[in-house]
């Protein structure tokens with residue numbers, strides 16, 4: 001079976017809309033600003049609207065051919081600004097797909113299958129009348145509100161009308177008000193607010209001009225907490241088809257961003273398929289591909305090879321690069337006494353290069369050159385934490401914080417070039433040390449968005465690290481982290497498959513939502529209230545459909561009560577019909593109401609007098 005047929009087979013599994021859900025769009029000030037929402041119809045006639053990351057894949061009206069890529073969302077906006085130009089781009093070479101790529105015939109076949117995914121790249125115009133800079137931060141600093149910023153504002157607000165009935169009790173709202181931990185979160189996100197946050201560097205909108213298919217989103221602590229899912233092949237396993245399916249599967253369950261961390265065969269061609277078919281921003285770690293180009297020998301890396309890789313990926317449309325420029329020669333000795341040393345792949349690659357040449361990292365030395373590339377395409381920095389702790393006992397040590405201080409310095413440099421920047425964080429941190437991480441990051445990195453891997457709070461949960469890390473993720477998300485990188489059950493054990501991806505995303509959607517509720521993000525709790533009401537009313541189907549994973553919720557319910565009659569029963573298999581606390585509560589309320597009615601009848605029977613003479617015994 002050829003690759004396109006395989007793609008069609010796989011993607012057919014993920015195009016079904018969610019139960020009782022309809023894809024709708026909020027329209028902005030121009031007709032091509034169309035922001036997706038998922039409307040959930042409840043059995044009592046109400047409708048709940050939720051943030052949607054699934055792109056056109058869950059829209060039955062959308063025609064999708066993964067061999068050609070998704071339709072453009074931003075093409076007209078980019079062209080309308082008049083500050084970009086198409087050009088031929090760099091010439092592809094066999095080494096772009098890695099030194100271990102398929103044989104020449106198979107590679108030619110793979111590239112032929114991806115022919116319709118190729119685009120002539122765009123870059124910023126330069127010269128007397130142009131700045132050579134097309135970043136959202138550049139526009140924001142000039143006071144320009146772009147369509148991308150308006151799109152973000154509409155997306156963050158979503159539909160609010162349905163929430164009103166759950167927010168009418170002022171005393172309850174006051175009692176449940178969140179603590180934003182110093183963030184200034186407005187009740188309504190306006191396009192001007194988005195512009196201001198981007199201009200200040202407190203938020204980014206990752207959106208390469210060569211990724212017009214992306215639906216703009218914001219990463220910043222005044223916005224909803226976002227989650228990132230990692231996909232990508234390895235030298236051991238996986239195929240292009242599987243990775244594209246993981247992408248579509250990940251965004252179905254709520255991934256706001258996806259990183260392609262491929263380190264195996266066909267890296268460039270795999271990325272063609274992923275970027276062209278992704279409605280969410282795509283990130284990469286360019287040093288991985290650069291290392292493949294030198295046969296996996298870190299000391300053979302050069303600035304020239306790395307620079308060429310940056311341009312290659314920017315032309316393809318990658319939205320953000322993880323760059324481990326904070327791993328400096330002077331910091332490497334600080335990891336010598338660690339229990340697990342350097343656990344970042346990119347960090348270890350650069351540490352080995354620095355030691356082999358006994359000189360400063362070429363990423364650090366050429367950082368301004370990197371900025372010059374980024375601003376031509378609007379690629380955002382994700383400044384990598386190459387010295388992050390790999391176990392709880394290494395948390396918050398000098399190596400970690402020395403690198404963090406350097407990332408703060410590099411953030412200032414990036415902002416000088418108007419390059420959007422976020423900061424990567426740990427890792428493995430016990431619960432009582434998480435606040436110190438957030439405080440230090442805000443202080444040293446000037447409130448640039450923080451993007452953390454968890455952190456894992458304990459180290460004894462192989463197979464369950466998605467839970468161990470979601471605990472830390474919820475905490476640090478509340479404290480100010482803007483994006484959480486998911487962890488799957490396979491963390492530390494192997495390459496995640498489709499089911500692992502789903503489990504990791506659901507765990508992190510829970511963490512992100514818990515953080516939004518704790519921060520008091522406007523409307524965050526309304527979906528919880530709607531589900532709680534459905535639970536109290538024994539509207540089982542609504543309970544399933546309002547959850548993060550309707551399929552699993554219904555599956556668990558139906559394992560013991562599979563009949564349709566159980567969907568209207570006022571009990572579940574946990575308590576049965578006699579011991580359901582909610583059913584008993586409803587009965588108590590009914591008894592109380594009946595008692596009040598009886599007393600009212602008794603009052604009227606006495607003539608409606610407030611004071612009735614006591615009859616002698």
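From the backbone N, Cα and C atoms, a Cβ is placed for every residue, glycine too.
Annotated substrate-binding residues in Swiss-Prot are 230, 288, 324, 344, 345, 346, 385, 386, 387, 388, 424, 451, and among 163, 181, 259 the one listed with them is 259. Secondary structure from DSSP puts residue 428 (Zn(2+) binding site) in a beta strand. On a Cα basis, residue 580 ([4Fe-4S] cluster binding site) lies 54 Å away from residue 346 (substrate binding site). Among the record's substrate binders, 230, 259, 288, 324, 344, 345, 346, 385, 386, 387, 388, 424, 451, no two C-alpha atoms are more than 20 Å apart, and one pair sits at exactly that spread. Residue 386 (substrate binding site) and residue 428 (Zn(2+) binding site) have their C-alpha atoms 13 Å apart, to the nearest angstrom. Cβ neighbours within 10 Å of residue 288 (substrate binding site), excluding its own Cβ and spanning all shown chains: 21. Between the C-alpha atoms of residue 580 ([4Fe-4S] cluster binding site) and residue 230 (substrate binding site), the distance comes to 42 Å. Of the listed binding-site residues, namely 428, 492, the sparsest CB environment within 10 A is found at 492. Rounded to a whole number, the distance between the Cα atoms of residue 344 (substrate binding site) and residue 492 (Zn(2+) binding site) is 12 Å. The Cβ neighbour count for residue 230 (substrate binding site), using a 10 Å radius over every protein chain in view, is 22.
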